[in-house]
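What TrEMBL lists as domain 'DYW' is 795-865. Per TrEMBL, repeat 'PPR' is recorded for 70-104, 234-268, 304-338, 436-466, 467-502, 569-603, 706-740.
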Amino acid sequence: MAVTQALADALRSCGSRGALAGARALHGRLVTVGLASAVFLQNTLLHAYFSCGALSDARRLLRADIKEPNVITHNIMMNGYAKQGSLSDAEELFDRMPRRDVASWNTLMSGYFQARRFLDGLETFVSMHRSGDSLPNAFTFCCVMKSCGALGCRELAPQLLGLFWKFDFWGDPDVETALVDMFVRCGYVDFASRLFSQIERPTIFCRNSMLAGYAKLYGIDHAIEYFEDMAERDVVSWNMMIAALSQSGRVREALGLVVEMHRKGVRLDSTTYTSSLTACARLFSLGWGKQLHAKVIRSLPQIDPYVASALIELYAKCGSFKEAKRVFNSLQDRNSVSWTVLIGGSLQYECFSKSVELFNQMRAELMAIDQFALATLISGCFNRMDLCLGRQLHSLCLKSGHNRAIVVSNSLISLYAKCGDLQNAEFVFSSMSERDIVSWTSMITAYSQIGNIIKAREFFDGMDTRNAITWNAMLGAYIQHGAEEDGLKMYSAMLSQKDVTPDWVTYVTLFRGCADIGANKLGDQIIGHTVKAGLILNVSVANAAITMYSKCGRISEAQKLFDLLNGKDVVSWNAMITGYSQHGMGKQAAKTFDDMLSKGAKPDYISYVAVLSGCSHSGLVQEGKLYFDMMTRVHGISPGLEHFSCMVDLLGRAGHLTEAKDLIDKMPMKPTAEVWGALLGACKIHGNDELAELAAKHVFELDSPDSGSYMLLAKIYSDAGKSDDSAQVRKLMRDKGIKKNPGYSWMEVENKVHVFKADDVSHPQVIAIRNKLDELMEKIAHLGYVRTESPRSEIHHSEKLAVAFGIMSLPAWMPIHIMKNLRICGDCHTVIKLISSVTDREFVIRDGVRFHHFKSGSCSCGDYW
């Protein structure tokens with residue numbers, strides 16, 4: 001017995017040290033002393049061989065020497081097969097076993113879990129339960145709960161809880177931990193929290209599971225609160241918090257937590273360094289990153305591939321590609337992750353040919369193709385719209401079998417979609433044996449980009465599960481293509497989903513839709529939703545809300561939200577400046593632009609378009625010239641067509657027609673129809689027929705399909721008494737097939753949008769509306785208004801009908817908001833000013849160019865429009 005025990009101890013020692021030669025020598029010793037047939041020692045030897053990675057030795061021992069294997073023998077073999085990655089051998093052995101015990105079932109379930117075959121693990125547990133030959137133990141429940149949690153199987157989790165109570169495993173710390181972790185991963189965080197509170201001494205792993213649950217489902221602030229209250233923390237706790245902060249965009253706080261972690265004496269590990277370096281890369285903070293790199297060199301005996309990959313990403317994103325390459329070249333063990341990060345870094349700095357070269361080097365060195373490297377390079381083709389190379393990579397995917405990888409197929413779908421090859425995009429999609437949400441969303445986006453909303457909706461309806469990204473894609477498709485009402489219905493359907501929560505992208509999209517159609521009341525409701533969700537002061541959401549308020553004529557509300565917003569970005573400033581400009585509040589636009597500069601914010605291309613537009617609408621000639629000069633001289637921004645168009649409009653409206661024409665002649669690019677159109681509009685204001693003819697000639701030569709310039713020139717000729725010339729312009733329109741853009745106006749009453757066209761007879765209250773308008777026209781006649789000899793359609797222009805309907809439908813205290821697709825005509829402008837006087841009502845009209853606030857007989861534009 002002493003000899004047997006000594007040999008068994010020696011075999012265990014060989015196994016723990018990985019000493020294969022020693023194990024083989026002891027095998028020979030067993031044969032010599034006649035103990036080779038002892039099952040106990042045979043099993044111990046079998047375990048030693050597997051511990052040394054000697055699968056072939058273990059197989060020979062089982063086949064040649066072990067004549068009467070018992071259940072322990074088979075369990076050791078199954079465990080060894082699973083650990084060596086030969087799960088099919090483990091399955092075959094399990095099926096051949098004459099007798100099984102609970103360890104047999106546990107070994108197979110554990111093998112499935114390690115191989116990420118979670119569903120097979122659950123099915124094995126069900127088979128065990130049905131067979132009745134073995135009762136589950138604590139390890140069984142740990143395995144099945146981990147698999148359930150990994151799959152997020154919400155239906156199974158409560159059933160496993162029932163079995164947990166039935167077999168009375170409460171009090172076992174491992175099972176308690178697995179139970180809490182399962183409910184967290186399945187989304188039952190509240191229930192997991194109640195279970196957690198009942199555990200007398202929860203393990204640190206259990207505490208970390210709750211931390212992960214709070215971060216995932218309740219947001220980072222709840223996670224921080226829980227983290228600060230944790231009675232015990234380990235390095236995993238800190239790492240989870242750092243990663244959660246970084247992933248939620250609070251990167252500086254994540255790095256601050258790294259500093260606090262170091263101060264409290266917690267040793268930073270590879271995971272800490274990886275998360276921290278990734279955070280530095282997101283901030284493009286090369287200084288921070290270099291300090292961490294130095295600490296990595298001092299602290300870690302050897303840089304692992306994940307830390308190395310984070311370093312490569314940091315240097316590549318910060319523009320130090322040579323340093324990224326140096327880190328890469330210093331690696332002794334370069335894995336596919338390192339290669340992929342380097343290829344991605346090279347793509348980021350538009351070294352596409354270098355990325356292809358690195359990809360080929362990777363194939364030569366690793367003698368293999370990595371699916372993520374393939375997907376990265378295909379994304380490079382996507383950015384360059386290089387369909388030729390993309391097709392070659394697709395062929396390589398087919399040859400290597402990587403076309404079955406979801407990440408590769410998704411990249412191919414995006415590539416083909418962007419290049420307009422929807423047929424191949426759909427072919428790749430239909431060829432996928434397994435699809436994820438990205439696959440479906442890519443197809444929805446592909447069809448929405450070409451305006452095929454029906455096809456996009458077919459893919460959306462074909463999905464089994466959807467997340468917020470998918471809903472946002474379909475919502476955005478409707479809004480982008482003018483189907484705002486369908487988009488808002490989509491949002492209502494989204495709110496009814498239990499497992500989907502609108503995010504900041506949802507609200508940005510919705511505010512854009514409300515702005516487009518001027519849906520004031522609905523906009524207010526969505527503002528309420530964002531406040532409830534805690535997203536109203538999210539910068540992107542607030543920026544969209546400011547734009548929505550501005551486009552709905554509520555500039556004071558836009559200003560209030562702007563003033564409340566902390567951490568304004570350039571988009572915030574642009575939104576506010578643009579809002580003031582659209583409302584003809586040029587001085588406020590200029591002041592806000594100056595405030596932006598004084599606060600240290602750097603204006604961009606859009607900022608200057610916004611402020612120059614404001615100057616144009618308010619006749620601020622000197623200020624406009626100053627900003628136009630400052631754009632290039634101070635901020636190095638080359639003026640584009642939009643800036644020149646604003647300046648021509650500004651100078652022309654102010655009567656500086658010659659100067660406006662000279663500016664056009666000096667433009668470094670060819671003037672567009674919009675630029676010449678701005679000059680043509682100014683010529684109408686100041687009655688310059690000669691220059692108007694020149695501007696119109698250029699517009700016509702550019703073959704602009706817009707009828708506005710033609711109608712403007714015809715009007716100029718008509719006002720000058722040149723009826724023949726006016727008729728000739730209209731004939732030219734007919735010959736070119738150019739039709740006058742129909743004018744229409746719309747407004748929101750009781751959550752319904754009412755649309756009006758000139759001489760409209762489709763509205764159910766058309767007779768009452770026309771009678772009301774005639775009544776109003778009679779009233780303003782007493783103020784001196786004289787109806788011109790105009791066509792009936794001008795008398796019943798769409799905005800006049802909307803004004804009459806608004807007075808009929810809305811209470812006297814409420815301002816009447818009206819939207820119009822074209823610039824308001826002079827007669828309507830005069831009429832609505834007078835109506836505001838005789839009715840003591842306020843009208844806010846957004847035409848195709850700007851806002852007009854009519855009140856007490858005057859307009860906010862000061863008749864400068």
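Heads up, the Cβ atoms here are built off N, Cα and C, so glycines get one too.
Through the fold, the repeat 'PPR' (70-104) approaches residues 39, 42-43, 46-47, 49-50, 53, 55, 58, 62, 110-112, 114-115, 117, 133-137, 140 of its own chain, all at least 6 residues removed from its boundaries and within a Cβ separation under 8 Å.
Per-residue pLDDT, averaged along the repeat 'PPR' (304-338), amounts to 83 for this model.
Per DSSP, the repeat 'PPR' (706-740) is made up of 26 helix, 0 strand, 9 coil. In the repeat 'PPR' (436-466), the DSSP tally of helix, strand and coil residues is 22 helix, 0 strand, 9 coil. Secondary structure of the repeat 'PPR' (304-338) per DSSP (helix as H, G, I; strand as E, B; remaining residues coil): 26 helix, 0 strand, 9 coil.
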